[in-house]
Amino acid sequence: MTLQAAGIVTEYNPFHNGHAYQIAQARQKTGADVIVAAMSGNWVQRGEPAIMDKWQRTEAALAGGVDLVVELSGAAALQPAHLFAQGAIAVLATLKCQWLVFGTEHPDMDYDCLMAHLPSDPAIFKRFDQTYASLFQGYLREQTGITLSAANDILGFFYAVANQQQGQPLQLVPLARRGSQHNDTAVMQGTNYASATAIRAASLAGDWATVQPVVPAKTLALLQQESLISWADFWPLLRYQLISAPVTDMRQRYQITEGVEYRLKRAALEATTFADFMRIVKTKRYTYTRLQRQAAYLLLQALPEEMRPQPQYLRVLGYSKQGQAYLHQIKKHVALPLVSRANRDWQKGVGSLDDRLGALRTLVTGIPQDYGRIPIKKPDSE
């Protein structure tokens, strides 16, 4: 029997009840035999370190119903929404997924209408969606009457754009989000759903009574047994980097433009915590997520040529028995290298950037992230 796969682009930061609902809906809406997750690695799209590492989050995903977890590399994950979407669509298409299932505030959004009114000048489009997101959204509203402001609506739109640009390899299946909004900062009492933002805040505070109702048991157990990570853990490393690096070197890093390097360096001298640093550097011109990504690029010493979102390889993080069967089915038809074990060649070659991202986390946690690590196999009993 030929297995058919539905793809999900995700971060599982951490895996919560809303994600479990999405997986169940994906199976119901598509009839897929396999759920494939393209999951951000140790750093996520907001420019933050994931609260748990990619292996812990893979374990939670497999327990929650995902069949195959493949890493969305840092070159795609640490990007503005349009580039994040390009990389994610390419990963799922390369893995021969038939559907892309994604949560959105407005599942009836007319993506075709929006795409028909994109700016004709690519340079303007790039300027809008990287630096002037609000102008871009205003432009589309003026052209179409459609308001594109909610986080998942914006990401869904860029999935549609990327899918069109890549020849529409995936059938889009938008789902109405269940529960709280994407960036809600508090867990509402009496509910089984909360935003990942609120769950991270409660977890970092050790408020397990608040977390318990809104995450599966496996996620709760992992959160309670692991050392949880935030930007605060990397602040000394970032501060040293910003203070010691010449501005001429900083300008060579990815997306460090328009003189922001001077502002970041001054803030590093003044601030004593990462929260202080962000407060000092924030302006109306730049969002917090853009500034956090710039901080991550500098910490990582990322060069523009390293940050191309199109995948160069596919790193398998984990699978169920069904996921393993699907991998066996497609492996001869996948155009990119499938990496199950990171070796020295991977570290020195296509995996260099992700190896550095993992090494940064290892500096804080002491847990190796890449070299020699093999995919997690979901126990048959789960």
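Cβ atoms here come from the backbone N, Cα and C positions, even for glycine.
Per Swiss-Prot, the features are as follows:
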BINDING   9-22, Gly103, Asn152, Arg177  ATP binding site
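A 10 Å cutoff on Cβ-Cβ distances gives Tyr12 (ATP binding site) a total of 26 other Cβ atoms nearby, all chains included. Cβ-based crowding with a 10 Å cutoff singles out Phe15 as the top-ranked of the binding-site residues Phe15, Tyr21, Asn152. In the three-state DSSP scheme, Tyr21 (ATP binding site) falls into the helix class. Counted within 10 Å of its Cβ, the other Cβ atoms near Gly18 (ATP binding site) come to 21, all protein chains included.
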